Amino acid sequence: MFDLEKFLENDKLVIGGKEFKSRLIVGSGKYKDFQQTKEATEASGAEMITVAVRRVNITDPNQDNLLNYIDTSKIMILPNTAGCYTAEEAILTAKLAREALGHGFVKLEVIGDQKTLYPDMIETLKAAEILVKEGFTVLPYITDDPVMAKRFEDIGCAAVMPLAAPIGSGLGLQNPYNILFIKEAVKIPVIVDAGIGTASDAAIVMELGVDGVLMNTAIAQAKDPIKMAVAMKHAVIAGRLAYLAGRIPKKMYASASSPMEGVIGRN
């Protein structure tokens, strides 16, 4: 009999030497308040939550602080450099986050275009090289380009985070073959980031064999964020199981599920 809990315990996501039972990473933005962030995060089962260091208070104890709501013994705070448009800004933000949180994990974002929020790959690569040399565990947000993904692996990044679609668009996965090419090109974890709209999007991404998925808007802006968080939890597990189970080949024509031999009325 299949034991789901045992499977999840043994099928862990490993990034930078740290193990995570959940392959779902969630964001902390766009919720109505920190209490809702807490409830949705716990409902999702995620063990990592991203925080935009330049936008969310994690340092000033005199103001409402996200860290007062998240149990950091169970859920890791993954700072990101959202809002940065140059390598220099991103590097400074990462250093501030390390000082505040006491660890060197960082989701590296260097945006190149305000309309699409696509990453500036040149600036991102420049920042990643410096941060890796300074001992950070770098998870860069990148375009779905396998050549660039390999370059980030070569300079020592702990994972790559290619987009499924523009941030907050809810369009779902637009270029599945590009994600497959990235998965083939690198040995580090591939975490699909941005563009997820609903649970089926998450399942489809995971069915490709990627190592995890990160989302924020899909949960935070849902009509009921808590229910959507639960849906995403199960969608990610379902997609992972489907990938490991192995889907049947696609065929143009029908294939009867029951044998034709011995059918009544036929010789």
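From the backbone N, Cα and C atoms, a Cβ is placed for every residue, glycine too.
Residues or ranges marked as active site, schiff-base intermediate with DXP in Swiss-Prot (evidence: sequence analysis): K107. Cβ neighbours of K107 (active site, schiff-base intermediate with DXP) (same chain, under 8 Å, six or more residues apart in sequence): T50, L78, P79, N80, T81, L139, P140, Y141, M161.
Taken from Swiss-Prot, the feature 1-deoxy-D-xylulose 5-phosphate binding site covers G168, A194, G195, N216, T217, and the record attributes it to sequence analysis. Contacts of G168 (1-deoxy-D-xylulose 5-phosphate binding site) defined by a Cβ separation under 8 A and a same-chain sequence distance of 6+ are given as L117, A194, N216, T217, in order along the sequence.
Annotation note: N216 (1-deoxy-D-xylulose 5-phosphate binding site) sits in a coil segment as assigned by DSSP. Per the record's binding annotation for 1-deoxy-D-xylulose 5-phosphate, residues G168, A194, G195, N216, T217 show a top Cα-Cα distance of 9 Å. Neighbours of the 1-deoxy-D-xylulose 5-phosphate site: apart from G168, A194, G195, N216, T217, residues of the same chain with C-beta atoms within 8 angstroms of the site's C-beta centroid are G27, A165, P166, I167, S169, G170, I196, M215, A218. Annotation note: G168 (1-deoxy-D-xylulose 5-phosphate binding site) sits in a coil segment as assigned by DSSP.
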